[in-house]
């Protein structure tokens, strides 16, 4: 068992934390806004651990769903299931176990949060299969990656206000942006194996679509900033996030594989800048 631990860690991408961070930033945004900048330590721990666990479970299910495709993609041909080092049933069992632990984490929370967690599990578990028939599965991914937003509001306020759903919509557009960059890396392989991605759907308008998605995401947060009366520190963070998006354009405009992958990874800084602006605003209010 312990000898196989490195394989399981690879399966759930513990060596690639960028995915967990892309889930964590929007969740932290929601926790800070829902609590007026004063989230409890217990909620921070629950949501941080839950994010990592559910992202890991999602990776295991993704590799299970894509096991017959990954062998034809250069970037994924050596993944544990595809290479035969881990059996398919092991991935399913691991995903189920991680999901159970994540659910146990939220047992102390209110009923609404638990109900939303069921919907979150369904979306996360079905996302990998949408690549077979959805033209833009990245939008579905955005819902899965953003479900921590309504759950955070539910945990803090015992309700999910309109603001939470607006933030979820922003997350969908952000996810389409960064995961299209990711899909551009595998474009040629995805064409051969017949998987649908936003990079293929957008075609020659892929770069334009990505930048429009960034614009919508940031535009929504402009509206949130005005609505909530955020101060200058928030706007500095938002400006930094916008700067990241502009930098991504310089990386993806040539549609080369490695720069596109670098742009995807750099979204951690975009998300971090936005959260820093939100956290700084509330911190300044405390003085």
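Every residue gets a Cβ built from N, Cα and C, even glycine.
Remember, it's a predicted structure, so these values are computed and weren't measured experimentally.
Of the candidate ranges 41-61, 62-82, Swiss-Prot annotates residues 41-61 with the feature transmembrane segment.
Among the ranges 160-180, 223-243, the stretch that Swiss-Prot annotates as transmembrane segment is 160-180. The stretch that Swiss-Prot tags with transmembrane segment, taken from the ranges 8-28, 92-112, is 92-112.
A Cβ distance under 8 Å defines the sequence-distant neighbours of the transmembrane segment (92-112), meaning residues of its chain 6+ beyond its ends; these are 8, 11-12, 42, 46, 49-50, 53-54, 56-58, 60-61, 64, 121, 125, 154-155, 158-160. Sequence-distant contacts of the transmembrane segment (197-217) (same chain, six or more residues past either end, CB-CB distance under 8 Å): 131, 135-139, 170-171, 173-174, 176-177, 179-181, 183-184, 186-187, 190-191, 245, 248-249, 252-253, 255.
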